[in-house]
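Asker: Okay, here's the structure, questions in a sec.
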Amino acid sequence: MARKVLVLGEVRDGQLRNVSYEAVGAAKTIAEGGEVVGVLLGASVSSLAVELIQNGADRVVVVENDKLAQYTSDGYAQGVLAVIESEQPEGLVIGHTSLGKDLSPRIAGKLSSGLISDVTSIEVEGGNIVFTRPIYSGKAFEKKIVTDGLIFATVRPNNIAPLEKDESRTGDVSTLSVDIKDLRTIIKEVVRKATEGVDLSEAKVVVAGGRGVKSEDGFEPLKELAQVLGGAVGASRGACDAEYCDYSLQIGQTGKVVTPDLYIACGISGAIQHLAGMSNSKVIVAINKDPEANIFNVADYGIVGDLFEVVPMLTEEFKKLKVNA
Amino acid sequence: MNIFVLMKRTFDTEEKISISGGKINEDGAEFIINPYDEYAIEEAIQVRDAQGGEVTVITVGSEEAEKQLRTALAMGADKAVLINTEDDLEYSDQFTTAKILAEYLKDKDADLIIGGNVAIDGGSGQVGPRVAELLNIPYVTTITNLEINGSTVTVVRDVEGDSEVIETSLPLLVTAQQGLNEPRYPSLPGIMKAKKKPLDELELDDLDLEEDDVEAKTKTIEIYLPAQKQAGKVLEGELADQVKELVSLLHNEAKVV
């Protein structure tokens, strides 16, 4: 059954986020040969439409309004609902990011529709679109289908393959004028914190530190390694509780759940609480002084040793690799 | 200030998960208040203590959630409400839960509704914002600070590590992020007092809801455990050689770098 599926393109710092291209890939599966329509909201975003099309959208609807310059759930909900009203789609896909998590339940609430959150894979099985998502923080998985109304899902970054970019692809870009009113929440200030550069939830490489890092300064070698690998720094709850780093870096059952290609755990014992946040990473490396540490049970590769010796050596080796590549 | 907390009973974070008969096996498992909802309860108590008023903790579930409701009362909440759907609903989703909660809350004149930003079992984070939408009130998710000054509310929201300072007004729904506060443990006098505090039990009938009104829009067709990981390779030899070997393995074998 061919469907029309909308995809919200999420813009951050003037660029589309990777998860939006992954959402296009998800929409393509749900569309089953139908149409994938990109949706862009913002003050000035129409120039990004071509990116969505080159990455697989058939066409794009742009809603430009100064009141959409910053994300608010009220403003964005009005924008997306107006596009839904005009397009009458059978499906909708949004990234499971801070924005997607905040916005999607409002749209689902308004439409009285289902919503399958935090999806990690999508398949067509026996006429159904089957969504797989982690539950119990990745300790188990469930497969879900939509039984009534809009097929609406948010997709977890780093899990669904984007389509191949084709710079020769073209498609229609149209604008929809929407009167945005009654914003009941006003953003007064945005404070950018430690997470400069690569976003933890979207990073392909995560270098994480635990109690073994011993101090705030102890994170420095981890930051250098992450930088060389183009990755992000994370932490265990123990490191956050000990005030070695900000809670925004915490990975675990409480905290962020990450699924990078490479997860390097440094001085992390591997409590079940922490494993829940990272055990679905594709490749896990453990560096720990204690050969009995639980982290070695989930690691693909392990080095028993002092992280303050091992991590700088690793950084140097990766630098050499990059130079030779 | 009329404050409501949306609470969920969940598996203890330390529990291992097993499956029997296609469902998560609950036999012998420890249950707790969803950790993010603990922040919500604590915040509600602090707001009440500063501004006056009453804290009511609500849950949708089965009789077994009474234990967690009593814990919330022991922490300091004033009243608890269990909306027991055990006999009426075989299957529910976030649409169902939100609809039931909104139906309960619609005539309660809530000034402030607080929930956790996500439950650690289902992990969808939908119910709070859905309830706000159904009640047609504003919401802010994943908050780390809340200040109420008259009807003006200033909230700090965690956005993937960055912070947004947001101004809004009551009535309002917020969902709690870690860092909002340090939830208290119930004190012994608190536990004694909690036994006498009101804990009402309602069913769908009491809310004039039919099963059809809250019928789930999605369905779980399978639950499974992730594949067991093969034991990894712990490297040996001189540290410098191990590091070289690791880089080579990541580059050539795992192909992730």
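Positions of Cβ are set from backbone N, Cα and C atoms, glycine also.
Those TrEMBL annotations? Automatic predictions, nothing curated.
Feature list, courtesy of TrEMBL:
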type    : residues                                            : note
BINDING : A:Arg211, A:236-237, A:250-254, A:267-274, A:Asn288 : FAD binding site
DOMAIN  : A:5-195                                             : domain 'Electron transfer flavoprotein alpha/beta-subunit N-terminal'
Asker: For a quick check of packing: other C-beta atoms within 10 Å of the C-beta of A:Gln253 (FAD binding site), how many?
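Answerer: Excluding its own Cβ, the number within 10 Å is 23.
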Asker: Listing the binding-site residues A:Arg211, A:Gln250, A:Gln253, A:Ile268, A:His274, which lie under 8 Å (Cβ to Cβ) from chain B?
Answerer: A:Gln250, A:Gln253
Asker: Under a criterion of Cβ-Cβ distance under 8 Å and sequence separation of at least 6, what residues of the same chain contact A:Gln250 (FAD binding site)?
Answerer: A:Gly234, A:Ala235, A:Ser236, A:Arg237, A:Cys240, A:Lys256, A:Gly277
Asker: For a quick check of understanding: among the binding-site residues A:Ile268, A:Ala271, which residue's Cβ has the most other Cβ atoms within 10 Å?
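Answerer: The residue with the densest Cβ neighbourhood is A:Ile268.
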Asker: Which residue, of the binding-site residues A:Arg211, A:His274, has its CB surrounded by the fewest other CB atoms within 10 A?
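Answerer: Fewest other Cβ atoms within 10 Å, among the binding-site residues A:Arg211, A:His274, is found for A:Arg211.
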